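S.K.: This is the feature table in TrEMBL:
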TRANSMEM  26-44  transmembrane segment
TRANSMEM  56-76  transmembrane segment
TRANSMEM  119-139  transmembrane segment
TRANSMEM  160-181  transmembrane segment
TRANSMEM  187-206  transmembrane segment
TRANSMEM  218-234  transmembrane segment
TRANSMEM  246-263  transmembrane segment
Amino acid sequence: VCPRGQRTDDNKICRECVGSPDRYDWLYLGFMAMLPLVLHWFFIEWYSGKKSSSAVLQHLTALLECSVAAVVTLLLSHPVGSLHIRSCRVKKLSDWYTMLYNPSPDYVTTVHCTHEAVYPLYTIVFIYYAFCLVLMMLLRPLLVKKIACGLGRSDRFKSIYAALYFFPILTVLQAVGGGLLYYAFPYIILVLSLVTLAVYMSASEVEFFKDLLVRKKRLVVLFSHWLLHAYGIISISKLDKLEQDLPLLALVPAPALFYLMTAKYTEPSRILSEGGNGH
């Protein structure tokens, strides 16, 4: 077993991690940092109600909490006091699950040599989630208690209660599936952003471009999904070849445009009426 901050080399000798995360590693950390923020925003919007004027301030507070937590986590990581971190290079999926490769020389006694071979990509996420939770418990209840107008006494804290559920879920997800997420997160972003965009536009009954311009909130949601699309495309391509990868960003508005152009042909009432006329 190697001490924290070290991993074995090809000769099975522990070496200190002196490299820096590459672009893909930072994109992975950015994805894991975005998860609690997106969930915060979703549940704040879900429980704030249509007439509540506190949703915007709660959104900004959630952004502040996650941003401060990210900065503090980077400052406390090695080297301490710097936003740069030292890391070991991820070589394969098994690097994330060293606990599954403890050897048993005589098939009786297991030699426990589990260590963080992907330092610090595994544990830094847990530290970040802990700071997010602490900051939320310090800031959000006071804010919600003072400004949450238009909500009942029991409803105003529901977004905080939701966070108390999804933070343990995110922690278990990172503990069990951290390595899988590392390789799959670009495709997860693309699929989820496409599905949630379609669900939102259908639930909001958006059929034409003018429907988006009527309410600013719909434009904000649309641009947020476009940013997620772009993040997923950048994560997949890694922007290794700018002349080939940058044009792919032109595909970002394509799903929304396709939906707006085809929504009128899939209106349920129209399909039912045409079906009735056919019979």
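Here the Cβ of each residue, glycine as well, is placed from N, Cα and C on the backbone.
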S.K.: Return yes if the transmembrane segment (246-263) and the transmembrane segment (187-206) have at least 3 CB pairs under 8 Å (sequence gap of 6 or more), otherwise no.
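M.R.: They are in contact.
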S.K.: Excluding the flanking five residues on each side, which residues at least 6 beyond the ends of the transmembrane segment (160-181) place their CB within less than 8 Å of a CB in that stretch?
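M.R.: Same-chain residues near the transmembrane segment (160-181) but 6 or more away: 28, 31-32, 35-36, 39-40, 43, 46-47, 93-97, 118, 121-122, 125-126, 129, 132-133, 136-137, 140-141, 144, 188.
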S.K.: Residue list, the transmembrane segment (218-234) vs rest of chain: Cβ under 8 Å, 6 or more residues beyond ends.
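M.R.: Sequence-remote neighbours of the transmembrane segment (218-234) are 27, 30-31, 186-187, 189-190, 192-194, 196-197, 200, 204, 206, 211-212, 245, 248-249, 251-253, 255-256.
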S.K.: Let me spell it out: take the transmembrane segment (26-44), skip the flanking residues so only those 6+ beyond its ends count, and list any with a Cβ under 8 Å from a Cβ in it.
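M.R.: That would be 55, 58-59, 62-63, 65-66, 70, 121, 124-125, 128-129, 132, 136, 158-159, 162-163, 166-167, 170, 174, 181-182, 185-186, 189, 231, 234-235, 238.
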